[in-house]
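See below for the structure under consideration.
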(Lines of atoms letter the chains of each structure in order from A and count residues from 1; the text may use other names and numbers.)
(Lines give C-alpha, C1' and ligand atoms only; values in the text may rest on other atoms or scores of the structure.)
Protein backbone atom coordinates (compact mmCIF):
# COMPACT_ATOMS: atom_id res chain seq x y z
CA UNK A 1 0.00 0.00 0.00
CA UNK A 2 2.74 2.55 0.82
CA UNK A 3 4.26 1.99 -2.63
CA UNK A 4 0.98 2.85 -4.38
CA UNK A 5 0.75 6.07 -2.34
CA UNK A 6 4.31 6.95 -3.28
CA UNK A 7 3.58 6.17 -6.93
CA UNK A 8 0.44 8.33 -6.84
CA UNK A 9 2.40 11.14 -5.19
CA UNK A 10 5.09 10.93 -7.90
CA UNK A 11 2.48 10.98 -10.66
CA UNK A 12 0.78 14.06 -9.18
CA UNK A 13 4.17 15.78 -8.88
CA UNK A 14 5.13 14.96 -12.47
CA UNK A 15 1.75 16.14 -13.74
CA UNK A 16 2.26 19.42 -11.89
CA UNK A 17 5.74 19.87 -13.38
CA UNK A 18 4.43 19.14 -16.89
CA UNK A 19 1.50 21.54 -16.47
CA UNK A 20 3.83 24.24 -15.17
CA UNK A 21 6.19 23.76 -18.12
CA UNK A 22 3.26 23.83 -20.58
CA UNK A 23 1.92 27.04 -19.00
CA UNK A 24 5.36 28.62 -19.30
CA UNK A 25 5.61 27.58 -22.96
CA UNK A 26 2.08 28.85 -23.57
CA UNK A 27 2.97 32.19 -21.98
CA UNK A 28 6.16 32.43 -24.05
CA UNK A 29 4.33 31.59 -27.27
CA UNK A 30 1.54 34.07 -26.50
CA UNK A 31 4.23 36.76 -26.11
CA UNK A 32 5.84 35.90 -29.42
CA UNK A 33 2.40 35.98 -31.04
CA UNK A 34 1.37 39.19 -29.26
CA UNK A 35 2.59 41.54 -32.03
CA UNK A 36 0.46 39.68 -34.58
CA UNK A 37 -2.61 39.51 -32.30
CA UNK A 38 -2.40 43.19 -31.28
CA UNK A 39 -4.18 44.59 -34.37
CA UNK A 40 -7.08 42.19 -33.72
CA UNK A 41 -7.26 43.23 -30.05
CA UNK A 42 -7.27 46.92 -31.00
CA UNK A 43 -10.00 46.28 -33.61
CA UNK A 44 -12.09 44.58 -30.90
CA UNK A 45 -11.57 47.57 -28.59
CA UNK A 46 -12.59 49.98 -31.35
CA UNK A 47 -15.65 47.88 -32.23
CA UNK A 48 -16.73 47.72 -28.58
CA UNK A 49 -16.23 51.48 -28.23
CA UNK A 50 -18.24 52.17 -31.39
CA UNK A 51 -21.32 50.84 -29.57
CA UNK A 52 -21.20 53.71 -27.05
CA UNK A 53 -19.19 56.34 -28.92
CA UNK A 54 -22.14 58.32 -30.30
CA UNK A 55 -23.91 58.37 -26.93
CA UNK A 56 -20.92 59.80 -25.06
CA UNK A 57 -19.78 62.15 -27.81
CA UNK A 58 -23.28 63.64 -28.05
CA UNK A 59 -23.25 64.24 -24.28
CA UNK A 60 -19.75 65.77 -24.35
CA UNK A 61 -20.37 69.51 -24.79
CA UNK A 62 -16.79 70.60 -24.03
CA UNK A 63 -14.38 71.87 -26.66
CA UNK A 64 -11.18 71.06 -24.76
CA UNK A 65 -9.36 67.72 -24.97
CA UNK A 66 -8.80 65.57 -21.92
CA UNK A 67 -6.24 63.35 -23.64
CA UNK A 68 -3.63 65.88 -24.73
CA UNK A 69 -0.42 65.88 -26.75
CA UNK A 70 1.61 65.71 -23.52
CA UNK A 71 -0.02 62.35 -22.76
CA UNK A 72 0.85 61.08 -26.24
CA UNK A 73 4.42 62.33 -25.70
CA UNK A 74 4.58 60.30 -22.47
CA UNK A 75 3.28 57.24 -24.34
CA UNK A 76 6.07 57.69 -26.90
CA UNK A 77 8.80 58.45 -24.36
CA UNK A 78 10.48 56.68 -21.47
CA UNK A 79 7.32 57.05 -19.37
CA UNK A 80 5.23 55.17 -21.94
CA UNK A 81 4.87 52.05 -19.87
CA UNK A 82 3.72 53.89 -16.78
CA UNK A 83 1.43 56.22 -18.73
CA UNK A 84 -0.25 53.25 -20.40
CA UNK A 85 -0.60 51.31 -17.17
CA UNK A 86 -2.01 54.28 -15.28
CA UNK A 87 -4.43 55.22 -18.07
CA UNK A 88 -5.79 51.68 -18.31
CA UNK A 89 -6.28 51.71 -14.53
CA UNK A 90 -7.89 55.18 -14.73
CA UNK A 91 -10.42 54.04 -17.33
CA UNK A 92 -11.18 50.76 -15.56
CA UNK A 93 -11.48 52.15 -12.03
CA UNK A 94 -12.72 55.72 -12.45
CA UNK A 95 -14.25 56.36 -15.86
CA UNK A 96 -16.05 53.13 -16.77
CA UNK A 97 -17.82 52.62 -13.42
CA UNK A 98 -19.36 56.10 -13.86
CA UNK A 99 -20.09 55.46 -17.53
CA UNK A 100 -22.07 52.32 -16.63
CA UNK A 101 -24.64 54.45 -14.77
CA UNK A 102 -26.33 55.61 -17.98
CA UNK A 103 -28.83 52.82 -18.54
CA UNK A 104 -28.71 49.04 -19.01
CA UNK A 105 -27.74 49.14 -22.70
CA UNK A 106 -24.85 51.51 -22.06
CA UNK A 107 -23.80 49.48 -19.02
CA UNK A 108 -23.67 46.28 -21.06
CA UNK A 109 -21.52 47.84 -23.79
CA UNK A 110 -19.22 49.67 -21.35
CA UNK A 111 -18.83 46.39 -19.46
CA UNK A 112 -17.81 44.64 -22.68
CA UNK A 113 -15.36 47.44 -23.46
CA UNK A 114 -13.89 47.12 -19.96
CA UNK A 115 -13.43 43.37 -20.33
CA UNK A 116 -11.54 43.86 -23.59
CA UNK A 117 -9.34 46.49 -21.93
CA UNK A 118 -8.65 44.09 -19.03
CA UNK A 119 -7.69 41.37 -21.52
CA UNK A 120 -5.26 43.74 -23.24
CA UNK A 121 -3.76 44.74 -19.88
CA UNK A 122 -3.32 41.09 -18.93
CA UNK A 123 -1.55 40.31 -22.21
CA UNK A 124 0.71 43.36 -21.82
CA UNK A 125 1.64 42.33 -18.26
CA UNK A 126 2.39 38.75 -19.29
CA UNK A 127 4.80 39.99 -21.92
CA UNK A 128 7.11 41.98 -19.66
CA UNK A 129 8.88 43.81 -22.45
CA UNK A 130 5.62 45.68 -23.13
CA UNK A 131 4.79 46.76 -19.57
CA UNK A 132 7.89 46.99 -17.29
CA UNK A 133 6.99 50.16 -15.38
CA UNK A 134 8.40 52.20 -12.53
CA UNK A 135 7.91 55.98 -12.81
CA UNK A 136 4.76 58.10 -12.57
CA UNK A 137 3.50 60.07 -15.55
CA UNK A 138 2.78 63.77 -14.99
CA UNK A 139 0.52 63.82 -18.06
CA UNK A 140 -1.69 61.11 -16.54
CA UNK A 141 -1.92 63.15 -13.34
CA UNK A 142 -3.03 66.14 -15.44
CA UNK A 143 -5.71 64.01 -17.12
CA UNK A 144 -6.97 62.82 -13.73
CA UNK A 145 -7.06 66.37 -12.31
CA UNK A 146 -8.92 67.69 -15.37
CA UNK A 147 -11.34 64.75 -15.17
CA UNK A 148 -12.07 65.51 -11.50
CA UNK A 149 -12.59 69.21 -12.19
CA UNK A 150 -15.16 68.39 -14.86
CA UNK A 151 -17.24 66.53 -12.25
CA UNK A 152 -20.29 64.90 -13.92
CA UNK A 153 -19.17 66.03 -17.37
CA UNK A 154 -15.83 64.24 -16.94
CA UNK A 155 -17.25 60.83 -17.79
CA UNK A 156 -18.67 62.14 -21.07
CA UNK A 157 -15.36 63.74 -21.95
CA UNK A 158 -13.25 60.69 -21.03
CA UNK A 159 -15.54 58.20 -22.77
CA UNK A 160 -15.93 60.36 -25.87
CA UNK A 161 -12.13 60.37 -26.22
CA UNK A 162 -11.68 56.62 -25.72
CA UNK A 163 -10.80 56.23 -29.40
CA UNK A 164 -7.89 58.63 -28.86
CA UNK A 165 -6.80 56.41 -25.97
CA UNK A 166 -6.89 53.35 -28.24
CA UNK A 167 -4.69 55.23 -30.74
CA UNK A 168 -2.23 56.05 -27.94
CA UNK A 169 -2.15 52.38 -26.91
CA UNK A 170 -1.41 51.44 -30.51
CA UNK A 171 1.38 54.05 -30.71
CA UNK A 172 2.95 52.77 -27.47
CA UNK A 173 2.88 49.08 -28.39
CA UNK A 174 4.06 49.74 -31.95
CA UNK A 175 7.01 51.70 -30.56
CA UNK A 176 7.85 48.82 -28.20
CA UNK A 177 7.70 46.26 -31.02
CA UNK A 178 10.21 48.27 -33.06
CA UNK A 179 12.79 48.30 -30.26
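Sequential numbering from 1, following the chain as shown.
Glycine residues also receive a Cβ, built from the backbone N, Cα and C atoms like all the rest.
Keep in mind the model is a prediction, meaning the values are calculated, not measured.
Taken from Swiss-Prot as is:
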type: SIGNAL; residues: 1-19; note: signal peptide
type: DISULFID; residues: 31-127; note: disulfide bond
type: DISULFID; residues: 81-133; note: disulfide bond
type: CARBOHYD; residues: 135; note: N-linked glycosylation site
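Annotated features, which come from Swiss-Prot, shown on the structure.
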residue: 31; record: disulfide bond; CB count, 10 Å: 15
residue: 81; record: disulfide bond; CB count, 10 Å: 21
residue: 127; record: disulfide bond; CB count, 10 Å: 20
Integer Å distance between the CA atoms belonging to residue 81 (disulfide bond) and residue 31 (disulfide bond): 17
